[in-house]
Structure formats: structure tokens, C-alpha cells
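Enquirer: Here it is, the structure in full.
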Amino acid sequence: MLSQKSIQIIKSTVPLLEKYGVEITSLFYKNMFEAQPQFLNIFNHSNQRNQKQPVALANTILQSAIHIEKLNEINLMPIVHKHVALGITPEMYPIVGAHLLGAMKTVMQDEATPEIMAAWTEAYRAVAQAFMDAEEDLYFETEEQIGGWKDTREFVVDRIEEETPLIKSFYFKAYDGKEIATYIPGQYITVKITLPGDGVDVPTDKMRTYVRHYSLSDKPNDEYYRISIKKELGKNTPNGIVSNHFHNNIKVGDVVPMSVPAGDFVVNNDSETPILLICGGVGINPLFSMLKETLVQQPDRKINFIFSTHCESSQPFKEELKQLEDDYKETGNLKINLVYSENQGHINKEIIEKYSTQHVDQAEIAETDVYICGPVPFMMQVNKDLLQLGFHKENVHYELFGPLTPVLEENQMLRGVKNIIEN
């Protein structure tokens, strides 16, 4: 727990963080990568170039200062899971802290008084210790589970299926032939790919390890992991390095190192309330896993699945969705609604109202479990529309691909105020 004096001092720095936040975090990353180049193998540098990462971290620090007295209420687990997937160790925290606090002092200069620096040092140590304790527990849990492991394990590509012109599904089996860990629908695996530098962050004559998280897109099973990767083609930006490598170069028989499944954006199959799954684009992946597993575990549960994409040719899992619709037609509990923006326009309040209330009454709306995944503007609009329609904000859950940024309202945003090391 922080002292009351430190809490008051940190709150007093909010105007400074509003003024200097992104400058601080940009300098932090620059200095840390120069001094610790091995960290280049942990962080996604495209998020550095487009400023998503510095902006996200600056917002995290700002929100931490605003809500500093509520730090013990913050859910650390989304970032704890990500840290375990990345292999973050306790030895890294002092390094990160030194560079972060050093950047604060450099940017704020005389405004960073000894009292302010002492308070932020105390706060960083408290947050770092909370992360280290939680990560130690999760490392043990994931390694000791049946089929579990620590760090990375080699998996071989068993088959590849083209879902759309830009999305391919890759099926992985354990290279050693041993059991694999199960997972909860909504979780992701983390792949580590070593490639020549991109010529921007790393020279082309040097190798670099790229780390990416990919949501598992099938229901849990004991044979394989499936991830469905969209080929990211940049618009006035470079193409996605790892996604293009998978599409252009990875073939059946190739071996890929990966971390154990992780993530806390997971479906609650202990609840019997209706479930609403709303996804856009490649955000379908974790929600499709949730859909398939919920149908197996809770065939009598009311499920509404809404998927928005540009057109029919950009829709993955066509045959699987059709088969699910046919298999559960008689129960009347499953509703699948496809929204093609090419014809219907982007998803909006009217569309959500039309489809989300198909087989639930007004009383059930307030208790419906909602899961959202897709582009940030999509999720912000969907969340706003859902709240206006009477869905309860405590029941709205979301997954963000990339650095954590606030998607929902302030009290929900506290879920995102959690990281010092962020991928």
C-alpha cells in the first residue's frame, strides 16, 4: 500500500502527465531500447512507429495517477497473462523502472521535484511487486497443468486452410507428440518468429525475433491449436511483418515456437444467462471459439452471434457457421446474424437492436453476458449502443488486439489501467 503522502503527491502530478505524458513514454522506450536491445524481441515495434504504444502507456500512467488510491482494485490479470506469454521475468522490472523514472526526470526537469520522484518510485515498486507475485503464480499454474510448459515449446504446422483471400487458418500439433495444454475459449497463443531485420528498427543483415499474440479460433481439443491470421496489408504503412510471413512463407511441416495459451478474455460457461457475441473483421476469432464451446457445454443457453465484415468474400468460417446453424436449428437457442457493410452499412444501434433482442425479452437484456472484439472504433460504437439499449456495463467484456487503450467508460476503463511493461 502506498502512503497517504505519496498518493497526494502522485495525484498532484496529473497536470504534468497530461502535458508531458507521451513525451515521457516516447523517451522511455527510446532510451530503454538503446541500452537494452534485447527488449526489441519483446515489444512490437510497429506500435512504436505509429505511436500507439507510447500513447497507450502515457494514458495508463495518467489513469494510474488519477485513480492511484484505487490501485488495489485494478484487475492486473490481462497484463499478467501477457507478461507470462512473453516470458517477462522479475529481473526486467528494475530495468524498466529505471528508464521510466529517468524519462520522467529528464522531460519534466525541475518540475520533477525530489518529492515527486520519491512518490513515483514508491508507486512503481508497489505495482511491479504486485505483477511479479501474480506472474510467479501463473507461471507455476501454466507449467504444472496437464500438457503445460514454461517459456516456449515447438509446434509443427499440421495443415493450412484458406478462409478468405486474406485469412488463413493454421493448425499446430506438438512437435514432440506429447499432450498439449487445454485452454479457455477467448485465450490466445504467442508465436515467436525469427526473421531478418526490417531495415527500419533492425538492419536487414541482422536477425530479430518477432513476438505476436493470436487468438485461438477453435473450441478446445486435445489434438491441435488453430489460429486464423489475417494478412495485414499496410495503407501508407509497411505490411504486417509476421502476418505476411505466415501467409507467404509458412508451410505444412514448418516448426514454430510458441508459449502456452494465455489471456483472461474468456467466456463464462458457469452462467446460464443469455450470451451476446459481437465481432468485427478478424475479431471473430476469440468469439468463434466461445461460440463453439458454449454450444457444446451449454446447448440450452440462449446465444446470439453477430458478425460484421465488408462482404461475403471476407467472411471466414462460412461452412462451420452454416453447419452450426443447421445443427442447432431445432433448439431455437442459437441466432447467427451476418452484417455485410457493403450492403447494410457499418454496424449501428438499429442493427444491434434488431439482432441482439431476437430471442431475449426485455428483462433478460440487463443480465445478458456480452463479448465484443474488433477494431477500436467498432468496439467503442458497439459499447455505446449497447448501454443505450439497456445492456449493463458490468456484463460487457472486450478484447483489444494491440496496446491497451480505453474502449469503455471510466469505471470499465480501470480494467485497462494495468501495465508498465506492455507489448
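Using N, Cα and C of the backbone, Cβ positions are placed for all residues, glycine too.
What Swiss-Prot lists as active site, charge relay system is Tyr93, Glu135. Taken from Swiss-Prot, the feature heme b binding site applies to His83, supported by sequence analysis. Under the heading FAD binding site, Swiss-Prot lists Tyr188, Arg212, His213, Tyr214, Ser215, Leu400, Phe401, Gly402, Pro403, citing similarity to another entry as support. Residues or ranges marked as NADP(+) binding site by Swiss-Prot on the basis of similarity to another entry: Gly281, Val282, Gly283, Ile284, Asn285, Pro286. As annotated by Swiss-Prot, domain 'Globin' applies to 1-136, with the evidence given as sequence analysis. The feature domain 'FAD-binding FR-type' is assigned by Swiss-Prot to 150-268. For 149-423, the entry in Swiss-Prot reads region 'Reductase'. Look at Swiss-Prot and you will find Tyr29 tagged as site 'Involved in heme-bound ligand stabilization and O-O bond activation', backed by similarity to another entry. What Swiss-Prot lists as site 'Influences the redox potential of the prosthetic heme and FAD groups' is Lys82, Glu399, and the listing cites similarity to another entry.
What's the neighbourhood like for each of these?
Expert: Of all Cβ atoms in the shown protein chains, 20 besides its own fall within 10 Å of the Cβ of Tyr93 (active site, charge relay system).
Around Glu135 (active site, charge relay system), taking its Cβ as the centre, 20 other Cβ atoms fall within 10 Å, counting all chains.
His83 (heme b binding site) falls within a helical segment according to DSSP.
Within the same chain, residues at least six positions away from Ser215 (FAD binding site) with a Cβ under 8 Å of its Cβ are Gly186, Gln187, Tyr188, Ile227, Gly263, Asn285, Pro286, Ser289, Cys373, Glu399. In the three-state DSSP scheme, Ser215 (FAD binding site) falls into the strand class.
Under DSSP, Ile284 (NADP(+) binding site) is assigned to a helix (H, G or I) in the three-state scheme.
A simple way to gauge crowding: the CB of Tyr29 (site 'Involved in heme-bound ligand stabilization and O-O bond activation') has 20 other CB atoms within 10 angstroms, across all the protein chains here.
The Cβ of Lys82 (site 'Influences the redox potential of the prosthetic heme and FAD groups') has 22 other Cβ atoms within 10 Å, all protein chains considered.
A simple way to gauge crowding: the CB of Glu399 (site 'Influences the redox potential of the prosthetic heme and FAD groups') has 24 other CB atoms within 10 angstroms, across all the protein chains here.
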Enquirer: On a C-alpha basis, identify the one among Tyr29, Glu135, Gly281, Val282, Ile284 that is nearest to His83 (heme b binding site); the candidates are the recorded positions.
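Expert: Closest candidate to His83 (heme b binding site), judged by Cα separation, is Glu135.
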Enquirer: Take the C-alpha atoms of Glu135 (active site, charge relay system) and Lys82 (site 'Influences the redox potential of the prosthetic heme and FAD groups') and report the distance between them in angstrom, rounded.
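Expert: Rounded to the nearest whole number, the Cα-Cα distance is 10 Å.
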Enquirer: Whole-number answer please: how many Å between the C-alpha atoms of Ile284 (NADP(+) binding site) and His213 (FAD binding site)?
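Expert: Spelling it out, the Cα of Ile284 (NADP(+) binding site) and the Cα of His213 (FAD binding site) are 15 Å apart.
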Enquirer: Would you mind reading off the Cα separation of Lys82 (site 'Influences the redox potential of the prosthetic heme and FAD groups') from Gly281 (NADP(+) binding site), to the nearest angstrom?
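Expert: With the alpha carbons as reference points, the distance is 23 Å.
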Enquirer: Drop a 10 Å sphere on every Cβ of the binding-site residues His83, His213 and tell me which sphere holds the fewest other Cβ atoms.
Expert: His213
Enquirer: Of all the recorded positions given, namely Tyr29, Tyr93, Gly281, Gly283, which is spatially nearest to His213 (FAD binding site) at the Cα level?
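Expert: Closest recorded candidate to His213 (FAD binding site) by Cα: Gly283.
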